[in-house]
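According to TrEMBL, the domain 'Major facilitator superfamily (MFS) profile' annotation covers 23-400. TrEMBL lists 24-46, 58-77, 89-107, 113-135, 147-170, 176-196, 227-249, 255-278, 290-308, 314-338, 350-369, 375-395 with the feature transmembrane segment.
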Amino acid sequence: MTDSKGERGDPHERHAARRRRSTLALLAFTAGATVANIYLLQPLLAVVAREFRTTARAAGLVSMLTQVGYGSGMFFLVPLGDVLERRRLMLALLGAATLALLLAGAAPTLPLLALASLVVGAASVVPQLAVPLAAHLALPEERGQAVGTVMGGLLVGILLARTVSGFLGAHLGWRAVYVIAAGFMVALAAALRLFLPRSEPGEALPYPALLRSIFTLLREEPVLREASLLGACGFAAFSVFWSTLAFFLEARLGLGADVAGLFGVLGAGGALAAPLLGRLADRTSPRANAGLMLAVALAGFGAFALAGGHLAGLVVGVLLLDVGIQGAHVSNLARVHARRPEARSRMNTVYMVTYFVGGALGTAVGTWAWTSFGWAGVCAAGAGFILAALARWSLGARAAAAPAAAPGR
């Protein structure tokens with residue numbers, strides 16, 4: 001965060017500014033490390049399928065359950081941030097994630113791994129509590145920067161999780177990946193307990209009313225509905241690719257999980273570009289920018305289809321896909337957070353639950369497309385989700401361009 005003139009002149013203000021920056025850095029790291037839990041399995045799917053002597057489709061369903069758990073946690077647990085003290089809630093979730101990760105690492109059967117993965121996903125919603133907490137702790141003029149920084153940490157965690165998981169899985173075994181992740185959760189919990197300030201909840205609604213209000217927002221906000229649909233389709237396409245890349249590399253090129261994980265380094269470019277893409281959305285129209293970024297992602301699937309067995313084509317496709325999907329995601333969030341300031345956390349819940357339901361659907365469709373039609377089926381499925389999003393975007397373009405359009409459209 002930038003320092004104001006008062007902060008530069010007053011020692012107390014300088015100390016407070018340093019404290020805010022360190023807290024923000026801790027929240028960003030926590031968001032990235034925790035959300036990584038739900039992507040640990042993706043570059044290891046082929047290895048897990050071999051160990052349990054099961055099909056690629058069955059292994060892919062375990063990965064899907066992790067995302068289903070994450071979506072469930074966002075709906076049922078994240079709204080509790082409005083009625084419970086956030087630090088205590090985050091520590092409880094990190095404890096649950098630690099136990100579930102250890103269970104996954106020791107799972108003797110695929111069904112037990114699936115159950116543990118479901119709990120891992122539900123307990124890993126800490127980033128969705130960190131984002132509103134960062135906004136709460138920041139000065140009003142620094143709130144957007146604070147939220148963007150934590151979101152950047154989350155996006156980097158999503159992408160680099162595959163790199164680290166693939167590398168460790170190839171050299172230490174897939175079970176070691178879960179044990180190491182559990183150790184990270186313990187370290188994060190200790191850091192949050194020591195350095196994260198307590199924060200009082202700012203919402204007086206009881207829990208049942210809080211959940212009911214989510215559906216009210218969905219019914220009353222057409223911008224929220226459209227942005228959520230675009231985000232879900234985009235993340236579904238994203239998951240179609242990433243949930244099948246390990247199978248493609250092993251079957252077509254004879255490459256292992258470590259190489260599949262290295263593609264996450266390329267994908268991190270999209271996450272690092274998120275602040276720039278957000279500024280682009282601010283200077284133009286967030287809705288128009290979302291459509292443009294979806295077209296970029298569609299070009300990524302074109303590169304995958306043309307790549308065949310060439311790594312260069314895959315590299316180009318990954319860059320296009322990640323920049324496109326992250327750009328559309330940032331633009332959608334800009335639209336959502338321009339609406340109903342008094343209900344931003346619940347608006348965020350609607351958008352993010354829909355987003356990760358799309359990811360779970362994309363994972364399931366991707367593994368089905370791979371086992372049924374091979375790489376051509378994967379490319380067609382991913383492109384189909386993007387085309388569905390662009391079709392919905394096109395239907396609303398005329399209304400969104402009208403002079404009377406509401407802010408955020």
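Residue numbers in this text run from 1 along the chain shown.
Note: Cβ is positioned from N, Cα and C throughout, glycine not excepted.
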Same-chain residues near the transmembrane segment (290-308), Cβ under 8 Å, at least 6 residues beyond its ends: 227, 230, 234, 237-238, 241, 277, 281, 314, 316-328, 331-332, 335, 375-376, 378-379, 382-383, 386-387, 389-390, 393-394, 397
Distant-in-sequence neighbours of the transmembrane segment (147-170), which means Cβ under 8 A and at least six residues beyond its ends: 24-25, 27-37, 39-44, 47, 127, 130-131, 134-135, 138, 176-177, 180, 242, 246, 256-265, 267-268, 270-272, 274-275, 278, 322, 326, 330, 333, 337
Seg_contact(the transmembrane segment (24-46), the transmembrane segment (113-135)) with at least 3 CB pairs under 8 angstroms, min sep 6: yes
Long-range environment of the transmembrane segment (58-77) - Cβ separation under 8 angstroms, sequence gap at least 6: 37-38, 41-42, 45-46, 48-49, 52, 89, 93, 110, 113-114, 117-125, 128, 211, 214, 239, 243-244, 349, 352-353, 356-357, 359-360, 363-364, 366-367
